[in-house]
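Under the heading transmembrane segment, TrEMBL lists 29-48, 55-74, 94-117, 124-144, 156-175, 182-203, 209-227.
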Amino acid sequence: MSKPKFLVVIVIICYVLFAVNEFSGSETLALHLRSLLVPFITIGYTFYITSKNNLFWAFLICYSLSDLLTIVMGNMTFSSAVIANDFEYFAGNALYILAYIFLIVKIVRLINFGYVFKYLKIHSLVLLFLNIYLFSVLNGFIKSNLVYQIDYYFELIYNVIILTLFFVGMINFFCRDNRKSLFIFLGSVSIVFSEIMDVAYIYIDNRQFLSFLSTTLMLLSFNLFYYQASMTNVNTKINNFIY
């Protein structure tokens, strides 16, 4: 599987221009350029991949719609800026949550839970405690910066979904131990750390490097997910798994 060269070039140009504008202080333009990266990857998957995974496709579409919503809302004038910001925040993040749920379901369908319960109980327990720790760290970042309770609960749901993606991505890798599961795992880790950098940028310190690092990890994760779609799920650990 390969993306058409012109789309690869467009993504690279958008990424470079994003970096230039981010570090030069043109944050609005940088945000719009960042918001074009995943939609172009989605176009490549939609029109140039013959054998599509519907769950992965839904993940790309929902994520792209949220990114495009950012651009649309940023170029429209509203009578109430507060209402517009609230709509963008809740609608955009709801689409991200839905996108991640589609991706989680896709990964869960690859996992042999019989193998997990038999051989990976300790791994799962350690991962669970790690997720609880990461959740508490993220919760500490956002708790003191949110005014309304509904925003806080919404962020909690978002963080639970993100960490669930990290959990199932790693369990799938432990279960499968092949190239496809490795790409899925690395993509999941990249997304999680991208979101952590985003939280740090929004709630702790508005340094351009944090935004740049978050975007770089996000782009890396989507490329890893894109290329794993062409790989067969060759089984190296489990001989009795039914595809």
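Heads up, the Cβ atoms here are built off N, Cα and C, so glycines get one too.
Curation plays no part in TrEMBL annotations; they are all automatic predictions.
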TODO: May I ask for the residues of the chain that lie six or more residues beyond the transmembrane segment (209-227) and have a Cβ under 8 Å from a Cβ within it?
DONE: 1, 3, 11, 15, 18-19, 22-23, 27, 30, 34, 37-38, 41, 44-45, 56, 59-60, 103, 183-184, 186-191, 193-195, 197-198, 200-201
- [ ] Would you kindly list the residues that approach the transmembrane segment (156-175) from elsewhere in its chain, counting only those six or more residues past its ends and only Cβ-Cβ distances under 8 Å?
- [x] 93, 96-97, 100-101, 103-104, 107-108, 110-112, 115-116, 120, 123-124, 127-128, 131, 134-135, 138-139, 181-182, 184-185, 187-189, 191-192, 195, 237-238
Task: Cβ-Cβ under 8 Å with the transmembrane segment (124-144): same-chain residues at least 6 beyond its ends - done: 116, 152, 155-156, 159-160, 163-164, 166-167, 170-171, 192, 196, 199-200, 203-204
